[in-house]
């Protein structure tokens, strides 16, 4: 699946744009603040319903406008799909697929699996566990049909349980929430464990190519003690949870630990090495999806040259080309991406929100 056309209206500093895209590499070149990252963000938003630089909708809609509008055309092997997303200042969204309203953002995410690599993406490695849970959950979402519904229900139940902890005095009063929560928690943890076990070899192989000087290990931690039933954990920790007023154990506390030569990667690797590792993990995840489902990711890479020398840029470029996926790359200078270009690539110049090819 590739994005063949993108229409942008009133998104960030872009008043209007209509882009015909390459199924291969698409380069966005311009000075800082020109709007090149806004194009990447528009694509990301079309597939996620939210921007990656700000959760405040007012900062994403162009100044003095009421809403942004994004439209795209996706070309699959057998058919083309038209998609659209409109979002106003109140945060209300309208999703259209093939001309019909009433669709969910999750449907867009399923149609457009994508991997995002940005200078801020180091949080996958040096941020809190929620970023690594999101990494696993992306894979589970695209590999398990029931994951999104289960995950949404889990979030709702944990929130309700936390609210109930402020009101109850005995565990029996909390049991109705736990009877719903326990099977969901165990199912989501099984999916995460199965996914992490399935992808770990792909990650290790790709990371070895990018960072041969390190031995990297990966471990999934489900959020409560091994070999212990979640029901037992919840009941045993009731008084502590009640004092804390939140549920201290469960899949919402899971983590996916990454170590280099036995130490946390954030304590061992340089910024350039962390970026390489982040790229390797995103590539491995995208390639795993293709291998198990036949579907290809879109790759969005912001500020391609930052933190990487010529050799490392060349390695990333060659691996991206090998995926045969659609790739969007932003850079300050065309010189930084010329080695990636071929006869099927497209180069877009971005200046003050205006885009030309």
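Cβ atoms here come from the backbone N, Cα and C positions, even for glycine.
Residues or ranges marked as ATP binding site by Swiss-Prot on the basis of sequence analysis: 30, 31, 32, 33, 34, 35, 36, 37.
Sequence features annotated in Swiss-Prot and their locations in the structure.
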residue: 30; record: ATP binding site; Cβ neighbours (10 Å): 23
residue: 31; record: ATP binding site; Cβ neighbours (10 Å): 12
residue: 32; record: ATP binding site; Cβ neighbours (10 Å): 8
residue: 33; record: ATP binding site; Cβ neighbours (10 Å): 13
residue: 34; record: ATP binding site; Cβ neighbours (10 Å): 21
residue: 35; record: ATP binding site; Cβ neighbours (10 Å): 24
residue: 36; record: ATP binding site; Cβ neighbours (10 Å): 27
residue: 37; record: ATP binding site; Cβ neighbours (10 Å): 22
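Of the chain residues outside the ATP site list 30, 31, 32, 33, 34, 35, 36, 37, 38, 330, 332, 350, 351 have their Cβ within 8 Å of the site's Cβ mean position.
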